[in-house]
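These notes are about the structure you will find just below.
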Amino acid sequence: MTLESMMACCLSEEAKESKRINAEIDKQLRRDKRDSRRELKLLLLGTGESGKSTFIKQMRIIHGAGYSDEDKRGFIRLVYQNVFTSMQAMIRATETLKIPYKYEQNRSNAMLVKEVDIEKITGFDKPYISAIKCLWSDPGILEAYDRRREYQLSDSTKYYLSDIDRVTAEGYVPTQQDVLRVRVPTTGIIEYPFDLENVIFSYLTDLDRVADCNYLPTQQDVLRVRIPTTGIIEYPFDLQSIIFRMVDVGGQRSERRKWIHCFENVTSIMFLVALSEYDQVLVESDNENRMEESKALFRTIITYPWFQNSSVILFLNKKDLLEEKISYSHLVDYFPEFDGPQRDAQAAREFILKICQRHHPTAQPQRVQPGVRAHH
């Protein structure tokens, strides 16, 4: 073989390899372009306590693998903390609102519960079970609970305290509802995959169950645990070969500065409004109405330039809590412009929808499911 033929052969091999590499690059570019088209980014927004993190947990349960027994065991301590946090909040409220206890022994029970360091809770000893059960049956604590709109109290309080025997019992495993109710500080970015192609679609009253030494939270217990989001949590999941990347961010004012880097390339915004917050005040300011804050934030979000090409889904959440409180807490007392009938949950929902629509006049509401409205 001559030198010329050898060089031609080498060049031929190099050309083939170069052609192969170019083909691979083109193939990868096409794949990346296709993947970018099939990935939808959903930004989950709303004020604090609007139910964003609970919604994510529901997605995990409905469209993902749910929570294993090992996962649930990780919620036991959180359930205990939620029970103590709720009772301590009501004890402080009796002092602030000057509500007396009916039973004298509950003064000492209150002192016992108040002294507990929430961060150091690892178990649920019997003296505390007895103290919390006695307090929960005292008319003074019940009055403080009824006046919960005047201070900050988790909406899972009644759920836990009314089921205290179950959650403190031996062998307790949190249920899905228990998991949804939990509140726990979350920091950083957490990613959870949901495969939707294989869809498998209050603690204090059960104190004896959760205080048992062999207690294991049920799925319902885990669902009920409350966890304030203080970071950004991202969950990708597949639905019929389309990747949905759902991003949950902290709702308190101090957390909103962290949202900015999530705003790029957003397909849709899901904005959650808690229907039950019309008579509540902010965690950050006890003289500002939560619903007014939601309205202001919604107006701000839909006017951001990043979202002009994004669809907006308005999710009216906590319908059950609205139906419960509308019978005794009148919407007109907080929104004088409301001219509908009192104690009418449907009229209240429609009013709240309309005040949100004012900031998005071109929106066309489409009912997705009870309590949910979509705007495009």
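Quick reminder: no glycine exception, Cβ is built from N, Cα and C everywhere.
What TrEMBL annotates here:
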type: BINDING; residues: 49-54, 155-156, 223-229, 248-252, 317-320; note: GTP binding site
type: BINDING; residues: SER53, THR229; note: Mg(2+) binding site
Quiz item: Between SER53 (Mg(2+) binding site) and LYS318 (GTP binding site), what is the CA-CA distance rounded to a whole number of Å?
Solution: 13
Exercise. Just jot down the residues in the same chain as ASP155 (GTP binding site), at least 6 apart in sequence, with C-beta under 8 A of its C-beta; none if empty.
Key: GLU49, SER276, LYS318, LEU321
Quiz item: Where among the binding-site residues LYS52, LYS318 do you find the Cβ with the fewest other Cβ atoms within 10 Å?
Solution: LYS318
Quiz item: What is the total of other Cβ atoms whose distance to the Cβ of SER53 (Mg(2+) binding site) is within 10 Å?
Solution: 25
